[in-house]
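Here the structure is laid out as structure tokens; the discussion comes afterwards.
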Amino acid sequence: VPIGARVKETPSGQRFLVDDEGKEQKLSLEQEASLRIMHPTSVEGVDDMIKLGDMTEAGLLRNLLLRHKQGLIYTYTGSVLVAVNPYKDYPIYSNDQVRLYQGQKLGELPPHIFAIAESCYFNMTRHLRNQCCIISGESGAGKTESTKLILQYLAAVSGELSEQQIEKQILESNPILEAFGNAKTIRNDNSSRFGKYLEIFFNKDGVIEGARVEQYLLEKSRVCHQALEERNYHIFYCMLAGITAEEKKNLSLGNAKEYKFLTKGDCILCEGRDDAKDYDRIHSALKILTFSEKQHQKILKLLAAILHLGNVSFEATTENNLETSDVSTSKHFSVAASLLEVPKSSLATSLTHRSFMTNKERVTKPLSSEQASDCRDALVKAIYNKLFIWIATKINSVIYKKLTNNPKKSYLSIGLLDIFGFENFEINSFEQLCINFANEKLQQFFVSHIFKLEQEEYLKEDIVWNNIKFSDNQSILDLLAGKPCNLLALIDEESHFPKGSDSTLLQKVNVQHKGSKVYIPSKSEHDTDFGICHFAGAVHYNSNGFLEKNRDAVSYDIIKMVDISTNELLHQIFENELSNNGPKMANNRKVIMTPKSSLRVPNHKLISDQPSFLPTLSGQFRQSLDSLMKALSACQPFFIRCFKPNNDKQSELFDRELCMRQLRYSGMMDTVRIRKLGYPVQHTFKDFLNRYRVLLNTTICNPKTKTAAACCEAICKATIEGKDEWKIGRNKIFLKDSHDAVLERLRETELSRVAVVIQRVQRGFDRLTSMIRSRQLQLQYKRQRAAALTIQTQACTLNTASVIQSSYRVTFYSTSDINSVFTVKKMSGQEEETSFDPSELQEAIPRAWATPSPSLDEDEDEDENEFDDENDEFSFYKFSILHFQDADHKHITQRLKKSLLTHDDEADELACLTISWIILRFMEDIPEPKSADVLSQASNTMSRLVPQKQGRRLSNLVGLDQKILRRNKKKSESGNRKASTILEEPDNLTEDEDIMIGEGPTLHRQLSQLEKLHIIVGYAMSRPGIRDEIYCQICKQLVNNHNRRSRRLGWTLLSVCLGIFPPTNLFLKCLENFISKGLRDYKEYCSNRLHRVIANGERKELPCWVELQAAKSKAPIDASVTLMDGHSVSLPLESASTSAEVCQAVADQLGLKDTYGFSLYISLYEKMWSLNSCEKHVLDAVSQCEQEMRRQNKEEKDAPWRLSIRKEMFAPWHDCSLDPVSTDLIYRQVIKGIKNGEYITDKEDECIQLAAMHYYIQFGSEYDRENVQSVVEQCIPTHLIENKSMTKWIQLISSPLLQGSYARETQGRERVKGQLVEMARQKWTLDFSRFFEVTMMSGPPLPKSRFVVAVNWTGILFMERRDKRLREIPYLEVKKVSMMSAQHMTLTTFRGEFVLRSGEARSMAAVMEENVEGLRQRSVYALVQEAIKSDDPMFLVCKRGDLLLVDKDESSRDRDWIRARNERTGDSGAVYKRMIEYLPTLTKPTDAMLELLSPSQKKPFAPVNTLQEEETVAPVSLKEFAFEYFRSAGKDAGRPKGTGKEKLWASSREPLKQPLLRSLVRKSDLNHMACSYMGDYPIKQMRSPMELTDLIFGPATQHKELQDEIYCQIMKQMTSNNNRLSMERGWQLLWMCTGLFPPSDNLMGHTQRFVESRRRDLLAAGCLQRLLEIHRKLPPHLAEVEAIQQNVMKIFHKVHFPNEKSDIFEVASTITIKDLCYSITSNLKLSSAEGYGLYLKTPTKVGSDYENRYFFDCLRQITSVPRKGKKVKEGSPANMSTKVIFKRKLWFNVSPGKDIIADLTFHFPQEVPKYLHGFHNCTKENMITLGGLLFRAQVDSDRSQFVMIPRMLKGLVPADQLKIMVPEEWKKQIISSYNKQSGMTVQEAKITFLRTVSSWPTFGCDFSEVKQTCERSYPNPLWIGINKQGVSLIDPTSKELLVMHQFNRIIEYYSKGNSFTMTIGTLVRGNNFVCETSQADQMEDLIRSYVSMYERQIQGFRPRNAVNQLLFI
């Protein structure tokens, strides 16, 4: 074959050729003429060989050679992958590679085996067709490794979606089958000596559900014989190297060199294999595949028996002139008999004798020594073969288990064929013939699929095609198994003749096939060889042993021996033989074994007692192969051709001759040709059109009028360039290999484009619809009007009406905001009190908005050297020297490995590293990660959007006013409502408190600039401790940055951040200095933003899109604020703009003086909510609008937000006459609100009065019917106009206009306008309110603890909904309003004190206090606080509590007394101001109120005056619910006559025969037990309350459908029940039920009304409060049952702490472990609840994995005991001693001295026992120092205790170190250390101890002592320590750290019983570590908790559309 070469010319002109092997030769003129220039594609090589220009053998060979030299082992030939064995490891199979190829089409990325695996997976899911991957090649070419890589890829991809362990089990089957079925040969160190077809089954979601292994033709002879330089099966060597000394002793085993079966190849060791380590892996895999330890030991026994039998020899003897033999005396024979569990005599007989049947009896014949050896070998081979089959079957039973009960057709599959490669040794036997026959079949399958079928399809479809000639091996298959008298048939036939021999067989074969071209006959009669010309070359076979191997029969004697054995496993593996051919058969006859293809098939109608035929080995193998080929033919195949570059297993050597031979016989040349010229991708016209119709231009070819073929042709013409690149057949379209991926890419691109178009068109359609509706309304309006107004007036009026209708006629109605814009729990440290002066704001706004916005083209004058000024105290350079850890202050292009600043919080440290990455990407200092598949990624991420916080959803932002008020307003609306653009979420939407907006799993994808900004700012908002870090990182990237674009982006980022959050005082001066030296056009801009954010406070939401655009241009944001009169005011906004600033700016422009209660509102579509007039940032609301757009998968920039000014609430002292501008705005708001149904009046007279007033204000007293009609249209709701006619309304309104005071115009229009506003204020008090969602923490009892507080001008109202008010508190009752914390406020009234929690607590308290204090200032009523007695007649004489009417004149302001009149006595006089207290009222209090307010006598707090309590409400029943959901009531047979049908909703003393609910009629009833508890009828057997509650609630906690039935039966028994005891127990049952699970939505309302109508019952309020979304898993705990039996609703439990102290805590039925932990940490005043855990300890068990479960469920679970046999005594499970322990679980962010309480209560008492146990590796000096500290911690300063030190040593020194010094020496050293610590307190000693220990790597570890045998290099036993660093393995003797596995390296971990397993590595390759420990479950829980904690900490803040990725740094 020609070789590639380069021409080299010397200076003298001599030319040389340097070939690809590096050889030089002179180039003669003759040779130069014969040279051919290489095609350019062959110079550097190509990744797909069909691209080669040199389509020759030399071209293909050189391409493989070049890629081999470059380390590129994979090459495509179209869709066929060529894999060259590199004979070394390449790092190209990591989990990153898996992700890289996942979702990619073949050919899009460089060739890789993962690409083939992905194509299999993709085609399976796309076409719903089974796939197979056929991996072929010579022995040693890498087939087994390729198979494993594909399997590992599929498992990794499936594992991302799966929650099962099946992938792991399938992967772990590999090491087992390899150990038992693979061996070292001269060609391959891990040669498969059996065939394997692994079929993996997937469900519809592409998740692996199971698998099945088919094994073929294990090479049994290898057990007894190996060729030179070869080994036996791996398992023997692994066993001898890996088992323990004790196991070796039990099995009497030694070294491998001692056993003949292992030394025949003179090769014990295999280079590159660690047999001991492999054994550990095998042992671990056996456990994972559920092999028990007992089964494992049984396998070892059989393997050991085989080795011992191999050392058994036989002595030849003669007896009766016959050659006989005896077993030689040796221990090996005895051991073998013992291991096989058979008598030695029986074993010896079966080995040295052979029995056979004659006509009448069985005859036994002695064997010669040679025959005995053969018999022994036959036994050994049989045992090993049967054992291998048994192991494969056992594996299948595990990995195929789930599929056995399901039809196979419901699953898709991918088959992986790893079968023995073509073999040609010096001596080839029967096994090689079978192996090569299998390879011939596979080659024929390849040829058939690639050439035959494809070319036949071309002819069938009339494709013009010149057939390509290819090498066809059909003649070889005919010789072997096809034609009559074929080779295998002759072998089978000869095997059936008793006198048949190998020589007779050879003679027949030579005679029959000597004329065949592919058969090579024997050279002579004495020659035992024959040959076959295989597709891969000629192979000569030695016929010796053919027949014996083919018969494959297990002799009767061996079966008999097995039958008497007591070895259980031996019996199992020979189960079939024992049942079919066992010695128990009475009549044994000769068994004739005949395959189907035999020449002489005997008559199958045999006599009845003859057994069935047994197939020969070749017959079995052929049958298996036929089945395999049938399975492969049913799949879509992929081919991998494995090549070996040399026979010496050298990594750098490329043997051209060997590779050329492989290229030829594999048909690769022909494959390249047909793949290049042919059309392997074929689709029917219908399928092609269905998939790619999106690419069809319908204007050219319309599928409605054209044929599918024409459409397909049109698509191809439009998308595929080039001639003859595709063909149209009769029924199919044919494409090139590469076009499939091209079309898929074009399809996805077009789908993406079309999706955008659809969205745009939909938005346009919505606008068009609104426009058409508006025009229709205008036309209708014009027809109804008479023409009194001009067209311009009509259009304006109607436009206003239509806008109002289209904007507000929706589910939510715009009124006052309820201040719930930010309902998300605020982060600690985010709120800071800021006071501001309005005058300062007025000055600041123009200053901010007047900021110049220079052009981007200005020169940049940033001087890099200015940042390095050492003399400047506040230079960034100096700051970096003082505060940075290991970095300088200059620009870098790699992400930080360590944060710049020091952070105590380790979670902050992790966040800083992520931020560094994002900042670099924002500034484009590093490129964005490549987006693999934008469309598929987007579709995937959209489906996996995380749930958002409730407060972040727009339907929850709109305000509680709309939620509270909408229910009643719905009734008043007309039916023709416009659908809301924003979809509503259900009210009972479950929210995840831990998930923030924009949070997503991964950042490793292309992010927009806004997304990156959100991540950076999001981290800063959630973690205030890293804000300086963020500013430092940005500044660092700006220093010495020579990239102009990067620098611009950096200043943009800095300016945005400056508008969101300020730096701390530490960095403030430096940052100001830095800004002053920055770019000219950014200096003033950034400086102003910094000062503004400091003045107005930090933002609460992410920056918005408009903000980022403004930062780029450095210009303010132009905004328009709409007024109620339809006009608008234009204002500039910037990041720090607040609603108060905007309101004030609008007021200044309008001349509005009375600004109280006017608020800024923001609208999005039809939703509107209030921003109040306060410190809230306007752009925070804009950001929420943009986030809502993102939630709807729309662009942020398209958010149609609008700002408006509205009156939100009135002041209690409101006066309309003071400000006409204010009155006019309110008037217009009221008129519009009435029309829209916002303000509702059901009284017709009021509507008429309001309309008349509106007419008078607009038109005066002059009457005009057309004006009246316009007034009707402007202020009468549409539904009222429709109910009456327009004419009727005109008449009704005309009457007062013509007859009343309006006709005479006796009062001014402004006055009437004021009257209208005052009328609205009085009537719609609730509508002009501010609402706050609160939880009552303490106070006088109310029916609900969670409700809404409405604050308006009349007072404070607690309410659940509009029509359900809980309590009214007038301002007169309010004593004090105060703040407790950021989210807690106290409202003190004369009736009690309420502690309320709310996210808007500060705003709520402020508005309450403003109203109360405002009323006090304006009030003239005061209450005397002390009795006043005075002789001065000028002063009043008053009693304490007297009401005074105060005369407030101007002169009294400067005096300490004031004039007043005593309302009790009527006297007037002076009183001192200090003696009175003004009442917050403008009207005189009633006598009843004065009695309440009077301080003269102390009275108990008045009872709760809930508004509905005074009403007498009849008890509600379930009658209404029963009519709809109960079964039909029948007349019970047991009821007295005349009583009629039973009332199913009322109590009954008779037990129910069937359930109440219709849906449960056929299910078991539970009423019997419910009535038993309530005592309504007697029961035969006494049961405890605990047993009854278990029976009542137990099934319902497990089956949701039973829960409503329980509620109904309890409420039924409580209806019309006059039995007091029964009712009391009924309430107890209902109380327990509400704490377990809620009723369904259908029943919830009925249940609430049922309980509310019985408020006076003791447990009613408690039941109402417990009706929450709680779902307990277990029935009530004994503590709950006992408590409620005493009618006690509060339950307390003792919690123990590590410092041996305890405390009592309240535990409600609904409390979770997590909530209880927060409660405990709050009570203990710990700095954080993170890292602590609750442990439940019983005498036998400790549990802690309960974080999100309910406390009482956990308590029941851990104390429950299985009830078997006798009944357990009452209450025993619950009474089991359970100790609740609260302690540090995760040692993350633990810094001694940071939280003193935590250090003393938890850290010190938890760490000391670990230290004293000796877990830490510390020096002698450390122990002495710590001994002194521990001594001080115990005795303080009591020096008299020195003498006790020797006795106290166990509490001072680690236990294992006590003996390194004598006690007296320890005493001396500890005293010395103690004296050095003089003056230290006990607390300081403990903190110092912790500080010392915290510097050790094992600080915070949870230690476990484990036993392990999986890793030879590790000791046994071993210590495992788990802390924040990862999992550490420690040598118990030396205490040295052996290895530490970080959590991101642990890809799997689980416990089962006392076994713990973890897998370390990657998704593709991992190593198992298995150990035994009683703490296995605790280790699993601890690792899971640490991993979860890392996920929470590192996620921090993520973009919304992201894919899950764990990132541990």
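Placement of Cβ uses the backbone N, Cα and C atoms for every residue, glycine included.
Annotations in TrEMBL come from automatic prediction, not curation.
What TrEMBL annotates here:
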- 44-748: domain 'Myosin motor' (DOMAIN)
- G137, E138, S139, G140, A141, G142, K143, T144: ATP binding site (BINDING)
- 625-647: region 'Actin-binding' (REGION)
- 848-867: region 'Disordered' (REGION)
- 856-867: compositional bias 'Acidic residues' (COMPBIAS)
- 891-1112: domain 'MyTH4' (DOMAIN)
- 1117-1423: domain 'FERM' (DOMAIN)
- 1547-1685: domain 'MyTH4' (DOMAIN)
- 1691-1994: domain 'FERM' (DOMAIN)
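The structure, with features from TrEMBL marked on it.
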residue	record	Cβ contacts under 8 Å, 6 or more apart
G137	ATP binding site	A83, K143, G421, F422, R641, C642, F643, K644, Q662, S666
E138	ATP binding site	R187, G421, F422, E423, A536, C642, K644, Q662
S139	ATP binding site	T185, R187, N188, S191, F420, G421, F422, E423
G140	ATP binding site	N85, T185, R187, N188, S191, G421, K644, N647, K649
A141	ATP binding site	A83, N85, G421, C642, F643, K644, Q662
G142	ATP binding site	A83, N85, C642, K644
T144	ATP binding site	E178, N182, N190, S192, D418
Counting every protein chain shown, other Cβ atoms within 10 Å of the Cβ of K143 (ATP binding site) number 28
Per the Cβ filter (under 8 Å) with a sequence gap of at least 6 from its ends, the region 'Actin-binding' (625-647) is approached by 64, 68, 79-87, 113, 116, 119-120, 123, 127, 129-138, 140-143, 146, 187, 197, 199, 214, 216, 413, 415, 417, 421, 437-438, 441, 445-446, 449-450, 653-655, 658-659, 662-663, 666, 668
Same-chain shell around ATP excluding G137, E138, S139, G140, A141, G142, K143, T144, C-beta within 8 angstroms of the CB centroid, reads N85, N188, S191, G421, C642, K644
The DSSP breakdown of the domain 'MyTH4' (1547-1685) into helix, strand and coil residues is 80 helix, 1 strand, 58 coil
For the region 'Actin-binding' (625-647), the DSSP residue counts stand at 9 helix, 8 strand, 6 coil
Restricted to the region 'Actin-binding' (625-647), the mean pLDDT of the model is 88
